[in-house]
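This report refers to the structure that appears directly beneath it.
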Amino acid sequence: MSLKNEGSNALKESQVQTVKTENDNHPAVSPKKKKKKAHGLLAVEIGAVLAAILFFGVPFYFVIVNSFKTSGEAAAMNLSWPNAFQAIENYREVLTLNDGIVLRAFMNSTIITLGAIITLIIVCSMAGFVLQRRPGLSKKLNYVILAGLMIPPSIVPTIWVLQSIGLFKTMPGIIFLESALHFSFATLLYTAFVATIPKELDEAALIDGCGPFSLFFRIIFPLLKPVTSTVIVLSSIQIYNDFENMLYFFPGADNATVQLTLYNFTGLYGTSYHLLFADVIMISIPPLILFIFFNKKIVAGMTAGAVKG
Amino acid sequence: MINSKKMYPLYFLLPAGIIYSVFFLLPTGMSFFYSMTWWTLDDWEFIGFDNFIQFFQEPSLRIGFRNTLIFAFTTMGGKVIIGLLLAVFLCSKIRNKNFLRSVVFFPVLLSTIAVGITFKTMMHPTTGLINTALAKIGITGPNWLGDPSIALLSVAMTDIWKGVGIATVIFIAGIMAIPNHYYEALKIDGGNAFQGFWHVTLPLSRPALNTVIILALIGGLRTFDLVWAMTGGGPGFSTDLLASIVYKQYAGGFYGLATAGNVLLFLFVGLIAFPIFKFLNRKEVDL
């Protein structure tokens, strides 16, 4: 999320972190009026939960309940509970359809996401480390890196480059491409976070006889854990959910990724909403699991390195 | 003293530099040249600015600029206002805030295509969930995606629904970083909750605000997936954004024209986002 990164932010960052911990509860209400406000607050809370259910819960319920119906019932597009409950049949049909294209897509998406995330973590943390530590370097390269956040990839020339080096429609090709497209975001996060690690640590390591590699991989890299978690969650969700780049740079039935299976569906099965929604549910599970594991880290990582970067 | 050349070697930048240059910078540089050609990937012919002229002359292509602007600023405004209000609310002393935070963030995790398809069914003029609900309270809902005058706004509303969670999280991070003593000082001076919001929360969450504005704006200017899933650019060209026009030209085999569209999109993003980015950073308030 960082759009500005300068070494001088080191001090501010560390302040932000210490302040955050002692400031979790907000003092918007004065103590005198507390009791009087308690009833009003309860009403507001109930209202908020109801609004959340209406705006966010209903669409989910709609998708889930329709993925349990028969094709005829699902076509009515309503919220009613299924008369004929055929959840297992629907989900099995989605998985076995077209020689198991959905399973293949799951495999492809997983490999691409894992490959790109591992690449990103290694190369961007190394780059972020040196960019922050070498005086003036990040300032010099700032616009080159920011360009990656702003500029949309130029499609046809990218295909041409991929073809020329023999990586078009290949797994390494799409992994490198996704890494390149998420490079700026991850590097900016790492650069901002490295600023919070005191340079004295490097000096101590130097005295103990560390070279650049052991300094980085044994001392600095483990300290980057919070920001690595942020990169894992945000980038892997984006890469897993990427539709546009897969459409352009990874075409073909063998190369199907989870997002494209939604399309193979509508194309083949015009109005088979029950199967479509079953697919929607299935492909939403991996990001959900990731979110459950990293939920708390998202805000923490952003506060640490991103917003104030 | 550390010898930075030795301890922070430039070859650490090499892996990232190679990947970024080969797969992003190089094609971006090439796009300027190929946007001025008639291109089949195997062969090209230099035609000067003809592709760009065609872009500005054909109404079906030109409409992309207007739509992209409307879409980007509508969704940015929606995400800023709703996200900020949600964040203030979710930082207050309510009991269910962790649950509500997760609920608001959840759509961010979902695939844009899945969200687009789901909302497309819910926005169906007769059988769709939204109009059925409106009919129950006596309102005849519009044809959300079929009426050219509101289709773009319907897509924008869906985009706000999906993306407001990330704005909210950024605002929450910003608000939580505001030191307590500002609120205490305000309380001593007899300020109320609204004044706290107006004079403390708002100015001091400026960095978060800047981040949200820039991210939402760039995201909006580049949107492709959602339009593709919901309308495919229709009815007519009423929801075609620059990115979806680029795709149509690419799918039609007009590689030079698609590349020109890409260059225009790139310049468009730069011309709009860059000055705003500069302006926002200049006015940033330090904590």
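The backbone N, Cα and C atoms fix where each Cβ goes, glycine too.
Feature annotation from TrEMBL assigns compositional bias 'Polar residues' to A:1-20. Annotated domain 'ABC transmembrane type-1' per TrEMBL: A:106-294, in sequence order. The feature region 'Disordered' is assigned by TrEMBL to A:1-33. Marked as transmembrane segment by TrEMBL: A:41-64, A:111-131, A:143-162, A:174-195, A:215-240, A:273-294.
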Check the transmembrane segment (A:41-64) against each of A:111-131, A:143-162, A:174-195, A:215-240, A:273-294 and return whichever range has the most CB pairs under 8 Å. A:273-294
The transmembrane segment (A:215-240) in contact with the transmembrane segment (A:143-162), cutoff 8 A, at least 3 CB pairs, sep 6+: no
Could you tell me what the rest of the chain brings near the transmembrane segment (A:111-131), counting residues at least six beyond its ends with Cβ under 8 Å? 5, 137-138, 141, 171-172, 174-176, 178-179, 182-183, 186-191, 193-194, 216, 220-221, 224, 228, 231-232, 235-236, 239-240, 250, 257
